[in-house]
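Noted in Swiss-Prot for the protein shown:
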- 1-11: signal peptide (SIGNAL)
- N178: N-linked glycosylation site (CARBOHYD)
- 196-392: domain 'Peptidase M12B' (DOMAIN)
- N215: N-linked glycosylation site (CARBOHYD)
- H332, H336, H342: Zn(2+) binding site (BINDING)
- E333: active site (ACT_SITE)
- C347-C371: disulfide bond (DISULFID)
- C350-C355: disulfide bond (DISULFID)
- 400-486: domain 'Disintegrin' (DOMAIN)
- C414-C427: disulfide bond (DISULFID)
- C416-C422: disulfide bond (DISULFID)
- C426-C449: disulfide bond (DISULFID)
- C440-C446: disulfide bond (DISULFID)
- C458-C478: disulfide bond (DISULFID)
- C465-C497: disulfide bond (DISULFID)
- C509-C559: disulfide bond (DISULFID)
- C524-C567: disulfide bond (DISULFID)
- C537-C547: disulfide bond (DISULFID)
- C587-C598: disulfide bond (DISULFID)
Amino acid sequence: MLVVFPYQGSSIILESGNVNDYEVVYPQKVPSLPKGGVQNPQPETKYEDTMQYEFHVNGEPVVPHLEKNKGLFSEDYTETHYASDGREITTSPSVQDHCYYYGYIQNEADSSAAISACDGLKGHFKHQGETYFIEPLKLSNSEAHAIYKDENVEEEDETPKICGLTQTTWESDEPFKNTSLLIYTPEQNRYLQAKKYIEFYVAVDNRMYRHYKRNKTVIKRRVYELVNILNTIFRRLNFYIALIGLEIWSKRDKVNVQSDVKVTLKSFGKWREKKVAATQKEYNAQLLTRIDFNGNTVGLAALGALCSVKYSVAVIQDYSKRTSMVASTMAHEMGHNLGINHDRASCTSCGSNKCIMSTKRTKPAYRFSSCSVREHRRYLLRDRPQCILNKPLITDIVAPAICGNYFVEVGEECDCGSPRDCQSACCNAATCKLKHGAQCDSGECCRKCKFKKAGAKCRAVKDDCDLPERCTGRSAECPTDIFRRNGLPCQNNQGYCYNGKCPTLTNQCIAFMGPNVKVSRDSCFTLNQRGKGCGYCRMQNGAKFPCAAKDIKCGKLFCKKRNSKICNCLISPDDPNYGMVEPGTKCGDGVVCSNRKCVKLQRVY
């Protein structure tokens with residue numbers, strides 16, 4: 001019989017802050033055996049792949065099922081710090097036997113958990129619609145833990161925190177509601193449902209290093225907890241985040257970290273761009289800093305820039321003791337990178353909690369609103385960012401292969417996740433080998449564990465400018481995407497093919513504003529000759545340059561809703577290319593946009 005000793009406390013100081021109402025529990029580990037009876041022998045590790053605990057909340061038993069987050073670190077994960085003489089020291093530690101878990105509550109469909117088990121249980125879980133936090137009490141010779149709700153934590157600073165991204169929005173959010181009526185094609189559904197991967201790099205500035213008393217172990221544990229929560233949040237969007245590197249600026253900052261968040265973001269973006277150029281490895285990067293940004297701002301990121309060479313970055317103020325608060329900000333800024341705007345007043349689908357893309361932050365958030373999900377899907381279908389579809393290359397892997405992390409590595413034939421998560425009929429989840437008689441596990445050219453016949457269509461035509469791809473009969477993967485020659489007419493002569501797409505002004509307006517929109521009248525585009533406000537052709541070092549008269553439809557995009565006469569445009573102060581007419585767009589008969597100029601087809605194709 002399980003024995004627990006809960007009691008109520010009035011006030012206590014925990015690692016996460018002052019808590020004025022809490023319950024003390026003594027989590028008991030629950031032995032777990034598969035239905036067959038005896039477990040297969042596993043390599044000796046400090047932390048088990050799966051664990052179960054039981055404790056009581058408000059007198060009711062709660063049993064979290066926890067599974068090690070095997071995809072938390074990439075196989076070529078590195079850690080970098082700097083010696084006292086400024087020398088860069090980079091190591092490739094073995095971090096696969098870690099103590100960071102995700103999971104669910106037994107017998108609860110809509111539940112979740114993100115827990116670290118490094119030194120007791122610390123994290124949060126959702127139980128019966130409420131979010132609870134658990135944390136060890138650090139009492140000598142005691143397994144006591146505190147459980148509390150968010151509203152029981154005394155605020156360090158009651159001022160609502162905000163994101164630094166500001167931009168114009170359409171005069172109503174009606175178009176975003178209408179997007180829910182769109183019906184996706186089978187090809188679009190396959191793309192949206194495909195697993196997506198973000199290779200993630202975290203830099204910690206010198207202020208944060210000094211704030212945590214130059215203790216790299218404490219900093220690493222905090223970052224790991226943050227990324228574990230981030231993973232739990234983004235799994236709902238079918239994204240898997242792999243930490244590929246952690247860099248601690250232990251000697252001095254590598255970028256210009258200022259209270260002006262925009263200056264810091266720009267400086268960090270340039271640093272990342274140089275680092276990517278040196279390593280030829282693409283990733284999304286965030287800078288964690290202890291500097292106090294101006295006003296109530298705690299983060300900033302570029303919108304829709306996840307795969308951008310220059311803008312796939314964000315800066316985050318480590319403003320709270322509570323990892324849940326900082327992780328919510330990290331998720332918010334990564335959401336911007338994934339093309340998601342701030343929520344509008346009508347976007348309420350996160351229960352009693354605030355949604356992640358809320359404009360103000362006073363409490364932790366763990367879910368995206370339905371508006372955010374629609375905007376994210378629209379960004380994916382419009383921009384088709386390729387960097388998120390690529391698993392890390394086997395040739396990049398340095399550390400030993402880990403079966404069960406969804407990454408097919410050296411020595412593996414497949415990897416469908418843990419035995420509990422695996423849904424493949426072709427892959428043995430315990431060994432990461434194909435089952436007897438199977439040729440493949442997944443891929444557009446794999447069906448019922450066999451290669452599809454040569455000539456079978458594996459990628460349908462997406463539009464006028466695309467060409468179908470067919471299986472070879474020798475591989476599970478669909479051949480490289482090919483498309484019609486640039487410059488050929490498309491969509492009833494409304495546009496010209498450009499890199500497999502048919503970019504038109506109308507399609508771009510629909511992509512930004514939803515259905516029932518049109519391109520604005522020509523007089524709106526003459527604003528691009530002003531070189532200020534919403535009208536310009538290019539921006540450099542903050543200065544806006546006007547369009548020549550013949551190039552006005554290659555600058556800012558202007559759209560209208562129904563019979564509106566307003567000249568609508570969309571801008572982002574952090575991405576000068578946001579809301580601009582796309583390259584290759586038809587700007588007249590026989591002419592297209594190239595480098596913000598309207599030029600003849602023959603010159604560019």
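If you go along the chain as it appears here, the first residue is 1 and each next one adds 1.
Placed from the backbone N, Cα and C atoms, the Cβ positions cover glycine too.
Positions of the features from Swiss-Prot, shown on the structure.
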| residue | record | DSSP class |
| --- | --- | --- |
| H332 | Zn(2+) binding site | helix |
| C371 | disulfide bond | helix |
| C426 | disulfide bond | coil |
| C446 | disulfide bond | strand |
| C465 | disulfide bond | coil |
| C478 | disulfide bond | coil |
| C509 | disulfide bond | helix |
| C537 | disulfide bond | coil |
| C559 | disulfide bond | strand |
| C587 | disulfide bond | strand |
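H342 (Zn(2+) binding site) has its Cα within 10 Å of the Cα of these disulfide-bonded residues: C371, taken from C350, C371, C426, C440, C478. According to its DSSP assignment, C458 (disulfide bond) is in a strand. Other C-beta atoms found within 10 angstroms of the C-beta of H332 (Zn(2+) binding site) number 29, with every protein chain shown included. Counting other Cβ atoms within 10 Å of each Cβ, the disulfide-bonded residues C449, C497 show the lowest value at C449. In sequence order, C163, L165, A301, E333, G335, I340, N341, I356, M357 are the residues of the same chain, not among H332, H336, H342, whose CB sits within 8 A of the CB centroid for the Zn(2+) site.
Inclusion criterion for the recorded positions H336, C422, C478, C509, C537, C559: a C-alpha placed within 10 angstroms of the C-alpha of C446 (disulfide bond); this criterion is met by C478. Neighbours of C598 (disulfide bond), defined as other CB atoms within 10 A of its CB across all chains, total 22. The secondary structure of C567 (disulfide bond), as reduced to three states from DSSP, is coil rather than helix or strand. Of all the recorded positions listed here (H332, C427, C509, C559, C567), C427 has the Cα closest to the Cα of C449 (disulfide bond). Secondary structure at C598 (disulfide bond), as computed by DSSP, is strand.
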